[in-house]
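Trainee: Can you keep this structure in mind? I'll have questions shortly.
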């Protein structure tokens with residue numbers, strides 16, 4: 001959807017899909033507006049995304065704390081990182097068909113492929129913030145629980161920390177320690193993307209991308225463990 005605001009029919013369809021009716025319709029419009037759609041720092045979803053990331057983290061952390069009463073802090077952190085990742089948020093966006101409503105500008109071609117996944121994830125966080133501002137924490141929590149409760153139940157929390165697992169596996173199999181290299185940092189300060197490569201002597205490296213350097217290291221370690229058959233690869237539905 002290039003440029004234009006939601007019409008009455010589209011707004012009703014989207015509000016029905018997300019299960020929330022906005023009192024201030026402009027909040028929903030802003031949550032769907034990519035920075036390419038208009039000039040001006042206050043018209044797009046970037047500020048909402050910043051807030052929505054924190055609201056999502058709080059609601060999911062609360063869900064995990066109440067659900068997995070015997071899990072320690074490390075196990076809860078692994079689950080949390082899985083559930084609030086860009087990949088998970090993008091899947092929620094796909095379930096809601098948010099791509100049909102995202103407002104973009106003339107440089108829409110710049111947000112295709114992997115970056116488009118990040119855009120879909122960002123819009124979900126922006127939408128959570130818009131709901132929070134419009135209806136309060138309870139409304140935002142209801143949305144998060146609707147779309148993350150089943151994901152929390154299926155998240156592979158039995159896994160250990162990927163970097164720790166890779167460290168022990170690499171030492172036992174090759175007698176070496178993994179080496180991590182930061183290849184790239186992109187994106188604005190409030191929403192960076194780190195690309196990290198992990199190398200273990202004797203086998204091909206793997207690369208991970210995440211919003212934090214540590215998260216990217218975890219993704220790279222996880223991908224290497226899955227590729228080498230140390231961990232079973234997660235299904236696409238989780």
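A Cβ is built for glycine as well, from the same backbone N, Cα and C atoms used for every other residue.
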Trainee: Besides 122, 125, which of 49, 199, 206 does Swiss-Prot list for that Mg(2+) site?
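Mentor: The one candidate that Swiss-Prot places in that Mg(2+) site: 49.
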Trainee: Other than 49, 122, 125, which residues of the chain come within 8 Å of the Mg(2+) site, judged by Cβ distance to the Cβ centroid of those residues?
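Mentor: Here the non-site neighbours turn out to be 45, 46, 48, 50, 52, 53, 89, 121, 123, 124, 126, 129, 191.
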Trainee: Quick one: Cα separation, residue 53 (active site) versus residue 125 (Mg(2+) binding site), in Å?
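Mentor: Residue 125 (Mg(2+) binding site) has its Cα 5 Å from the Cα of residue 53 (active site).
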Trainee: Which number gives the other C-beta atoms within 10 angstroms of the C-beta of residue 122 (Mg(2+) binding site), all protein chains shown included?
Mentor: 29
